[in-house]
Amino acid sequence: MRVAVSGFKGRMGHEVVKTVLREADLELVAVLDHEPKEKNINEIVEFSSLDVPVFGNLNEMLEEIKPDCVVDFTTPKVGYSNTKTILEHGVRAVVGTTGFTPEQISELKSIAESKKIGALIAPNFAVGAVLMMQFAQKAAKYFPNVEIIELHHDNKLDAPSGTAVKTAEMMAETREFVKQGAADEVELIEGARGAEYEGMRIHSVRLPGLVAHQEVIFGAEGQGLTIRHDSYDRISFMSGVALSVRKTKELETLIYGLENILD
């Protein structure tokens, strides 16, 4: 498959480039970045042996290169517009950018289906993180008292993380509604109890040195249960990205969540 990478200078995008280069059935045909200084990726020392054009305009890249699939790891500010543009050009998309609303996902799914092309948006591409979400969903049926703590590097722009939101959405499907905390609790500092989703509390930590981590903490009479996943390196996401790229060939719709394509 001919693959283009949008946001290739970001930490995730950089790792995606290396992954595409490693995979025998994937070919890197273009990269995209906001206002790039380079015209070819070989101007970057690490990729000096390659001949891959660098673009600063998504439409130009799609029209000139016509890739089979675009992998987008950019920012929440442009993630939706990028994905919409990619799909409207009839090109498959794998998107790790977070911050999509349910309405945006629904619209993008309609475009993918009208074009009969596959696309996948996932808040997390680590298989371990997907398992964490599934385990939490199952546990929430029996432990409705639960809070989520997500921890990321301090350059992450959105909070809470897409993984935390997806986890909460999945737990809400099986969990009896409980408004977490005392009914008359008072925040001495605003926000101390975190964000609220369907009665659950979500807490976001941003610190240098972290990559991507999440704890789902359940409590009940006389016992507790903690489900935790840690990504220590961005390589943890890459098997999921490569799988998703290949899977788009089989799809004629947009899928939200890596768990929906795992056997």
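Every residue gets a Cβ built from N, Cα and C, even glycine.
Straight from TrEMBL, the features:
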- 1-125: domain 'Dihydrodipicolinate reductase N-terminal' (DOMAIN)
- Gly7, Phe8, Lys9, Gly10, Arg11, Met12, Gly96, Thr97, Thr98, Ala122, Pro123, Asn124, Phe125: NAD(+) binding site (BINDING)
- 128-262: domain 'Dihydrodipicolinate reductase C-terminal' (DOMAIN)
- His152: active site, proton donor/acceptor (ACT_SITE)
- His153, Gly162, Thr163: (S)-2,3,4,5-tetrahydrodipicolinate binding site (BINDING)
- Lys156: active site, proton donor (ACT_SITE)
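Everything TrEMBL records as a feature, shown here on the structure.
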residue: Gly7; record: NAD(+) binding site; DSSP class: coil
residue: Gly96; record: NAD(+) binding site; DSSP class: coil
residue: Pro123; record: NAD(+) binding site; DSSP class: coil
residue: His152; record: active site, proton donor/acceptor; DSSP class: strand
residue: Thr163; record: (S)-2,3,4,5-tetrahydrodipicolinate binding site; DSSP class: helix
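For the domain 'Dihydrodipicolinate reductase C-terminal' (128-262), the DSSP-based tally of helix, strand and coil residues reads 46 helix, 38 strand, 51 coil. In this structure, of the binding-site residues Lys9, Arg11, the smallest number of CB atoms within 10 A of the CB marks Arg11. For Phe125 (NAD(+) binding site), the count of additional Cβ atoms within 10 Å of its Cβ stands at 25 [all protein chains shown]. The Cβ of His153 ((S)-2,3,4,5-tetrahydrodipicolinate binding site) lies under 8 Å from the Cβ of Arg206, Leu207, Pro208, Gly209, Leu210, Val211, Ala212, each on the same chain and at least six residues away in sequence. The two recorded residues, Gly7 (NAD(+) binding site) and Gly162 ((S)-2,3,4,5-tetrahydrodipicolinate binding site), show a Cα separation of 18 Å. Across the domain 'Dihydrodipicolinate reductase N-terminal' (1-125), the prediction's mean pLDDT works out to 95.
Checking each of the recorded positions (Arg11, Pro123, His152) against Thr163 ((S)-2,3,4,5-tetrahydrodipicolinate binding site), the C-alpha distance stays within 10 Å for Pro123. The Cβ of Thr98 (NAD(+) binding site) has Pro76, Gly79, Pro123, Asp158, Ser161, Gly162 as same-chain neighbours under 8 Å, each 6 or more residues away in sequence.
Cβ neighbour density within 10 Å is lowest for Gly162 among the binding-site residues Pro123, Gly162.
Most Cβ neighbours within 10 Å, among the active-site residues His152, Lys156: His152 holds that distinction in the structure as shown.
Across the annotated binding residues for NAD(+) (Gly7, Phe8, Lys9, Gly10, Arg11, Met12, Gly96, Thr97, Thr98, Ala122, Pro123, Asn124, Phe125), the two most widely spaced Cα atoms sit 20 Å apart. The 10 Å shell around the Cβ of Thr163 ((S)-2,3,4,5-tetrahydrodipicolinate binding site) contains 25 further Cβ atoms across the protein chains shown. A separation of roughly 11 Å, to the nearest angstrom, links the Cα atoms of the residue listed as 'active site, proton donor' and Arg11 (NAD(+) binding site).
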